[in-house]
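Look at Swiss-Prot and you will find LYS305 tagged as active site, proton acceptor, backed by sequence analysis. Summarising the annotation, Swiss-Prot assigns S-adenosyl-L-methionine binding site to SER187, CYS220, PRO221, GLY222, GLY223, ASP239, ASP259, ASP276 and lists sequence analysis as the type of evidence.
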Amino acid sequence: MINLFLFCRAGYEKECAAEIQHRAAELDIGGFVKTNKNDAYVIFQCFQAGDAAVLAQKIKLDSLIFARQMFAAKALLKNLPENDRITPIMEALSDVRNAGELRVETPDTDAAKERTTFCRKFTVPLRQKLKNSGNLLKKESSSRPIIHVCFVASGTAYVGFSFSNNSSPYPMGIPRLKMASDAPSRSTLKLDEAFIHFIPEEEKELRLSSGMNAVDLGACPGGWTYQLVRRGMFVAAIDNGAMDEGLMETGQVKHYQADGFRFEPPRKNIYWLVCDMIEKPSRVAELIEAWAINGWFKEAMFNLKLPMKSRYQDVTTILETMATVLKENEIKNFSIKCKHLYHDRDEVTVYLSLNPTQVS
């Protein structure tokens, strides 16, 4: 395997490319990126054969900001014959044995979506052939590598594999969430996805439990508050604007008509702080830092808008600065994670946990 294939949001190829170049260099693995704007994927071609599999194993997917999914891939397969696309694909996968799952995918672009029906239909005969040849186990296994076949154009595909313990559980790394009919805005999906992505399933009952107190800075009309309320939390919603009437009728929301940058919580028993304000990312980060230094929350989820040209570098700088500020203020035990989630647009979601091993 000579290529590392990374799925990303269309328009963010440059950021994804910059990040993987940086991370590969940290491992002393040489290579170069190949990408085109709005392709929704990046190829990092290694100088040494086999290095792509090393990257796919050693670089944790959750540590990458802009990549939704990645897999080690062979050289691009071109001009696959319409009457037999399977044979060249199986030849390319000859050294992949006993994989646990097959995913036939496309990049997340409007043009590529036209191939989704083909991919779905093509999966059935390809899966059977791979099972018969021993490339794929007879029964799916979540502990074995995942075979990926990604059609980037008609008759053109990258094939390879990802490690099941370092891979998104979703095809192309995209969770399919439903918009609740009573949610005040589509922004609600961002926090829903953030909770799914950052909070392990086995810890949700403890860390997203009914009766917790939360604060939503810049809450109106209540998209993020909605996700807290539906999990049974009591929310202080901070915004000068109007809140959704349905949320207010739950009795779980107290609306403070105030500036989120000036608000100080009257009670200090807050577990969750969430914030999705259209503001300079550095200013939002400084606000979260202030709340952390004051000890006003235990876990926080917030978005940083990305109007900058050098988005990867700027986000990295903001996160590094936050870590430095927390340490300088005697906050030693914390965890910062960041991801460009599917429901994010020109923004990233940051998760900050104080004393991450102490959940109460």
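Note that Cβ sites are derived from N, Cα and C of the backbone, with glycine treated the same way.
Long-range Cβ proximity for SER187 (S-adenosyl-L-methionine binding site), meaning a same-chain Cβ under 8 A and a gap of 6 or more residues, is found for GLY223, TRP224, ASP276.
DSSP assigns GLY223 (S-adenosyl-L-methionine binding site) to a helix.
In the three-state DSSP scheme, LYS305 (active site, proton acceptor) is classed as strand. When secondary structure is read from DSSP and collapsed to three states, ASP276 (S-adenosyl-L-methionine binding site) falls in the coil class. Rounded to a whole number, the C-alpha distance linking CYS220 (S-adenosyl-L-methionine binding site) with the residue listed as 'active site, proton acceptor' is 17 angstrom.
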